[in-house]
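Peer 1: Pulled these features from Swiss-Prot for this protein:
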{"type": "DISULFID", "residues": "24-48", "note": "disulfide bond"}
{"type": "DISULFID", "residues": "27-77", "note": "disulfide bond"}
{"type": "DISULFID", "residues": "45-98", "note": "disulfide bond"}
{"type": "DISULFID", "residues": "49-100", "note": "disulfide bond"}
{"type": "DISULFID", "residues": "76-103", "note": "disulfide bond"}
{"type": "CARBOHYD", "residues": "69", "note": "N-linked glycosylation site"}
{"type": "CARBOHYD", "residues": "94", "note": "N-linked glycosylation site"}
{"type": "SIGNAL", "residues": "1-13", "note": "signal peptide"}
């Protein structure tokens, strides 16, 4: 009876916990140790944002060369603001603010 109670409690706790971002931190600034120098830190945006999938609207589906039933949409952790800096003769963008927005590497 005690073991059953413990198992039920664990199952209930697991069900109510937010498992959407396990293993991935929120989108935020993090110091880049490779390019940072003492007194001159360089930051970059890292972390996770949402993605979702939904049924493709009929109007959109008709316009597709290869119709797909499911459409997915994702956002990535990208720099909202940044300033150009030079570190060891390498031009970099030091991120100053992050947000979840269009994934640039998905654009063609």
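Residue positions begin at 1 at the first shown residue.
Glycine residues also receive a Cβ, built from the backbone N, Cα and C atoms like all the rest.
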Peer 1: Of 24, 48, 98, 100, which disulfide-bonded residues come within 10 Å of residue 77 (disulfide bond), going by C-alpha to C-alpha distance?
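Peer 2: Near residue 77 (disulfide bond), where near means Cα within 10 Å, the disulfide-bonded residues are 48, 98, 100.
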Peer 1: Nearest of the disulfide-bonded residues to residue 24 (disulfide bond) by CA-CA distance, picking from 45, 49, 76?
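Peer 2: Result: the closest of the disulfide-bonded residues to residue 24 (disulfide bond) is 49.
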Peer 1: For residue 48 (disulfide bond), identify the closest of the recorded positions 94, 98, 100, 103, judging by Cα separation.
Peer 2: 100
Peer 1: Show me the subset of 27, 69, 103 whose Cα is within 10 Å of residue 45 (disulfide bond); these are the recorded positions I mean.
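Peer 2: Cα filter at 10 Å returns 27.
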Peer 1: Which of the recorded positions 27, 49, 69 has its Cα nearest to the Cα of residue 103 (disulfide bond)?
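Peer 2: Result for residue 103 (disulfide bond): the nearest of the recorded positions is 49.
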Peer 1: Please compare the glycosylation sites 69, 94 by how many other CB atoms fall within 10 Å of each one's CB, and tell me which has the fewest.
Peer 2: 69
Peer 1: Measuring Cα to Cα, how many Å separate residue 76 (disulfide bond) from residue 100 (disulfide bond)?
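Peer 2: The Cα atom of residue 76 (disulfide bond) is 5 Å away from the Cα atom of residue 100 (disulfide bond).
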